[in-house]
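Structure, as structure tokens:
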Amino acid sequence: MVSDRHTLGVLLLYVAILRTSDGLSKNFVNNSMPALRPTFVVNFDMSTVICQHSPDSSDLHLHRMSILCDGKKDCFANPAMDDEMFPYCGGQCNSTCNDRGACLFDGSTSQCYCNAGYHGPQCEYIDNNECLDKPCHWLAHCQNTLGSYYCTCFPGFEGDGHDCSGNF
């Protein structure tokens, strides 16, 4: 009769061989996963979407936020994700966002996420991005606000954002 301890040892050895087999994991990732993992990135801070336009993962394009949920497929139609299957396209929006943003529904509230340069409940107002003129120190982050901006020194540096210092 084989002991449970011996069986456990053989099982662990078998699992270790499977897990360390480079060929098995490499083939699985390279052959199966790309079809299920298209590049699709929504950057709410920059009001942009990056997505593939074909099965080729290097065929990437930068779009304005307004491509989301607009009824037109701008990105590669993939079983995992595209711009019209974005999880927050709930069809619950009462707002049009004036074609200057995407109306997204989080399950309880709908809201316009405006393209860069626009703001307001329906993206109806135009705002100049003062940060484009690079008014902050090179060691600071510029945050555009409605009609203005502010500068903040990067972590590890001190100052008012227009003048930052610290140890490199």
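Including glycine, each Cβ sits where the backbone N, Cα and C put it.
Model, not experiment: these values are computed from the prediction.
Now, the feature entries from TrEMBL:
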- 1-23: signal peptide (SIGNAL)
- 90-124: domain 'EGF-like' (DOMAIN)
- Cys93-Cys103: disulfide bond (DISULFID)
- Cys114-Cys123: disulfide bond (DISULFID)
- 127-165: domain 'EGF-like' (DOMAIN)
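Everything TrEMBL records as a feature, shown here on the structure.
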residue	record	CB count, 10 Å
Cys93	disulfide bond	17
Cys103	disulfide bond	24
Cys114	disulfide bond	24
Cys123	disulfide bond	25
Rounded distance in angstrom between the Cα atoms of Cys93 (disulfide bond) and Cys123 (disulfide bond): 14
For the domain 'EGF-like' (127-165), residues assigned helix / strand / coil by DSSP: 4 helix, 16 strand, 19 coil
The domain 'EGF-like' (90-124): DSSP-derived helix, strand, coil residue counts: 3 helix, 12 strand, 20 coil
Length of the line joining the Cα atoms of Cys103 (disulfide bond) and Cys114 (disulfide bond), in Å: 8
Arithmetic mean of per-residue pLDDT over the domain 'EGF-like' (127-165): 91
